[in-house]
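Input: a single structure, listed below in structure tokens.
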């Protein structure tokens, strides 16, 4: 590419800007992480009104030499949509910072906060494997995570309490938000059920919320022993240490929240077959409830599609899984011996899928 070949200067400079933007796109993620670690969303929230830059700097745990740099961090956070500028008083020019819907999800004590998910995914332990992506394409390791650490993500987490705890809390924070929407928009999915097993349910945030909402419904969380060790159940909630590839406790319905995207097609079929063995016939109310992504095909907006693509790449880094479109989901269900399914798109970038034997 050169100007002599008919490429005009504007096109060349636009292409350069596009490359630059992608080189430095990680800065948005690191700025977000920094804002959380400094407590910026909570400080602004606790202020109770638009917070000026000097007021914010006075509250931040920053070295005096860094106070003049805070504005630059705030500027990228505003540009990224995590904060907004608003006049402090009507009729005056002075502006202060306020939270947006996105930054309200980052408050430390908010019940729907996904702060742990941000900190977990941007932890150096989980960003390191991305630097091994090209090396992985040239070897036969299962994942780039394996290339970076010489063992699988699940094996690493099972032996490293720091990663295990941060990952479980990240999944729990996502579960709290998702369950609040599910119980508001999709309560009917649990109608007629007397028992449910949450496979790979972690610390049980989803199952606990379902058990509280439906006191007659007996809920069981199935996960690996190091995940459920020491967890206490309740009247209609209990924990079961086991392997979903081996056997799943019998129940009217099996819940798979964000599980199947971790695994290859062959492994998904094995899991689904274990699910089918654990539930009664459709006539007797048996079904599998799946919460997962269905990849859009030119249906969503640019950012939604891009976010799903990000998740698919993330699966490639950490697990042998992938995000799937509807045709790929349907093939899994048929290969596992199920007869039909129903999709209810009420969970944002994820969908509620009911699969019947």
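Using N, Cα and C of the backbone, Cβ positions are placed for all residues, glycine too.
Per Swiss-Prot, the feature S-adenosyl-L-methionine binding site maps to 200, 223, 243, 244, 257. What Swiss-Prot lists as active site, proton acceptor is 261, and the listing cites sequence analysis.
Structure with Swiss-Prot features highlighted.
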{"residue": "200", "record": "S-adenosyl-L-methionine binding site", "Cβ contacts under 8 Å, 6 or more apart": "222, 223, 244, 256, 257, 259"}
{"residue": "243", "record": "S-adenosyl-L-methionine binding site", "Cβ contacts under 8 Å, 6 or more apart": "224"}
{"residue": "261", "record": "active site, proton acceptor", "Cβ contacts under 8 Å, 6 or more apart": "292, 293, 311, 315, 319, 321, 322, 323, 324"}
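Other Cβ atoms within 10 Å of the Cβ of residue 244 (S-adenosyl-L-methionine binding site), summed over all protein chains shown, number 22.
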